[in-house]
Amino acid sequence: MELFKDIKNLGKLVRLERIFNRESEKTVIVPMDHGVSNGPIKGLIDIRKTVNDVAEGGANAVLLHKGIVRHGHRGYGKDVGLIIHLSGGTAISPNPLKKVIVTTVEEAIRMGADAVSIHVNVGSDEDWEAYRDLGMIAETCEYWGMPLIAMMYPRGKHIQNERDPELVAHAARLGAELGADIVKTSYTGDIDSFRDVVKGCPAPVVVAGGPKTNTDEEFLQMIKDAMEAGAAGVAVGRNIFQHDDVVGITRAVCKIVHENADVEEALKEIRKK
């Protein structure tokens with residue numbers, strides 16, 4: 001794929017084609033790692049059903065913690081890529097922004113992963129530990145031919161606006177600088193500023209879904225704008241798995257990401273009954 005022309009590692013290229021659409025060269029990832037940070041929230045109670053629904057809706061990959069893979073594995077129907085999340089931290093911790101490494105690239109390989117991901121809160125206390133982890137894991141991923149997704153967010157007690165374009169651009173660039181193959185980060189709120197984020201990051205950028213939005217139109221417009229700005233895809237959790245029509249909203253997102261549909265056209269996928 002042209003998107004990954006700078007990657008020469010065959011193992012990475014083979015795996016990346018399992019989580020990206022070969023024709024559009026874009027991806028729709030549904031993270032479901034929230035159980036560690038927030039517990040059994042709505043949409044993640046019956047993990048197998050949710051995985052089934054997003055797969056039927058056309059998602060390219062799901063992102064899970066290692067212990068949930070056995071409970072969410074489909075074993076039938078349409079295939080969906082598997083991304084194992086390496087980081088963990090809880091909302092009830094004295095330091096909820098602290099993320100530690102909870103598994104290895106090697107274990108992810110044994111579980112059949114197509115990629116691994118790591119979470120970095122740029123600007124948080126002791127964030128340097130996460131930078132070290134990212135750099136070392138990037139080296140391991142290169143050795144094994146495993147694609148690495150870095151979730152890079154400006155977060156910390158000194159960060160007043162987590163969507164500040166300069167901070168988001170810095171966080172995204174940091175992920176690429178330390179070896180990530182793909183960077184996931186927050187949408188900055190408008191096309192022009194997010195385009196600058198994409199331009200400043202040598203690695204492909206996928207946009208995070210963020211908090212649950214008030215309307216489908218608001219959510220899908222954000223996806224549309226991010227794609228217009230040059231995003232390589234989306235990584236959306238709550239706005240998909242907490243939707244009343246998980247299959248439909250997944251189809252709507254895929255319609256925009258892979259077919260360049262407008263919001264009104266994508267909304268029709270939700271209204272199908």
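Placed from the backbone N, Cα and C atoms, the Cβ positions cover glycine too.
Taken straight from Swiss-Prot:
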- D33: active site, proton acceptor (ACT_SITE)
- Y153: active site, proton donor (ACT_SITE)
- K184: active site, schiff-base intermediate with substrate (ACT_SITE)
- D33, H34, G35, V36, S37, Y153, P154, R155, G209, G210, G237, R238: 1-deoxy-D-threo-hexo-2,5-diulose 6-phosphate binding site (BINDING)
Other CB atoms, at most 10 A from the CB of S37 (1-deoxy-D-threo-hexo-2,5-diulose 6-phosphate binding site): 17
G209, G237 as binding-site residues, winner by CB count within 10 A: G209
Site extent for 1-deoxy-D-threo-hexo-2,5-diulose 6-phosphate, whole Å (max Cα pair distance, D33, H34, G35, V36, S37, Y153, P154, R155, G209, G210, G237, R238): 22
G237 (1-deoxy-D-threo-hexo-2,5-diulose 6-phosphate binding site) - helix vs strand vs coil (DSSP): coil
Rounded inter-Cα distance in Å - D33 (active site, proton acceptor), the residue listed as 'active site, schiff-base intermediate with substrate': 14
Lowest local Cβ density among G35, P154, which the record lists as binding-site residues, within 10 Å: G35
Candidate with the highest Cβ count within 10 Å, taken from the active-site residues D33, Y153, K184: K184
Cα within 10 Å of the residue listed as 'active site, proton donor' - qualifying recorded positions among G35, K184, G209, G237: K184
Rounded distance in angstrom between the Cα atoms of G237 (1-deoxy-D-threo-hexo-2,5-diulose 6-phosphate binding site) and the residue listed as 'active site, schiff-base intermediate with substrate': 12
The residue listed as 'active site, schiff-base intermediate with substrate' versus G209 (1-deoxy-D-threo-hexo-2,5-diulose 6-phosphate binding site) - Cα distance in angstrom: 10
Rounded inter-Cα distance in Å - S37 (1-deoxy-D-threo-hexo-2,5-diulose 6-phosphate binding site), the residue listed as 'active site, schiff-base intermediate with substrate': 18
Whole-number Å value for how far K184 (active site, schiff-base intermediate with substrate) lies from P154 (1-deoxy-D-threo-hexo-2,5-diulose 6-phosphate binding site) (Cα to Cα): 12
Between G35 (1-deoxy-D-threo-hexo-2,5-diulose 6-phosphate binding site) and K184 (active site, schiff-base intermediate with substrate): CA-CA distance (Å): 19
